[in-house]
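In Swiss-Prot this protein carries:
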SIGNAL    1-21  signal peptide
DOMAIN    43-327  domain 'Peptidase S1'
ACT_SITE  88  active site, charge relay system
ACT_SITE  173  active site, charge relay system
CARBOHYD  207  N-linked glycosylation site
ACT_SITE  270  active site, charge relay system
């Protein structure tokens, strides 16, 4: 994963099939950014302004008992003021039992509707860090300047898909957050293009990019956020292959990517985006939101890879547009 900047000083409206979308410009979205206020020296001794290869990446942080805001998930900026992430990031308990005591076939994904954070908890305990490369200063991993830690903003409102209403089993693992202010003045931040603005098609077998600060067992971060953003290229899979690998039906809004023993999204990467690079425009489009898959520690230990199941953003166009236009 990596970084780049763009400063936006205006609000833009875009017409989508007769609907205006606030805070979005399809000419400026999806472009990488550069930090202009400081310089870094790379491993080869070259000094320059660092670029942010995923300036739409954000950290979802929740206030812990000690008062610190811990990174629990990733997310993706989709306008100057809005973020997409996963609904299960706000789940209090995992592995609930169905009536009768049997766990479901989706790795304990079953839940009750009252197992998520309350609306008040989401608004008062959750913040979003934008324009960041790092979760904290740590020179060993190239996190040496405070500006690499981005800017943290509060959430003014949000909307959750029907994830909890269907016991966390039938898709809709999506949340859209509205930030208290725009990212106009945030160095290193930009938003990804939406896949229906303009419409983009992905060919079967194409690669997508994942980004986040999730755990990395291979580097000793088994249950902790990695200091520096990491970026991975993942191969897409057909829904048929995905269902075969899981041995059961998958959510209606699934978008699947291949798992590998040494290359996969891990705990803490949930809610982050999968983007598709459009070569002719050199821009990144968010296609999906990381939802669930195999445990990285188990994969490293030799477990058979299955498929990573993500939430297809294109299946939630109306949900996204309606929320943004209520701003």
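Glycine is no exception: its Cβ is also placed from the backbone N, Cα and C atoms.
Feature annotations (Swiss-Prot) mapped to structure.
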| residue | record | CB count, 10 Å |
| --- | --- | --- |
| 88 | active site, charge relay system | 22 |
| 173 | active site, charge relay system | 30 |
| 207 | N-linked glycosylation site | 15 |
| 270 | active site, charge relay system | 27 |
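DSSP assigns residue 270 (active site, charge relay system) to coil in the three-state reduction, placing it in neither a helix nor a strand. Taking the C-alpha atom of residue 173 (active site, charge relay system) as reference, the shortest distance to any of the recorded positions 88, 207, 270 belongs to 88. Rounded to the nearest whole angstrom, the C-alpha distance between residue 270 (active site, charge relay system) and residue 88 (active site, charge relay system) is 8. The CA atom of residue 207 (N-linked glycosylation site) is located 25 Å away from the CA atom of residue 88 (active site, charge relay system). DSSP gives residue 88 (active site, charge relay system) a helix state.
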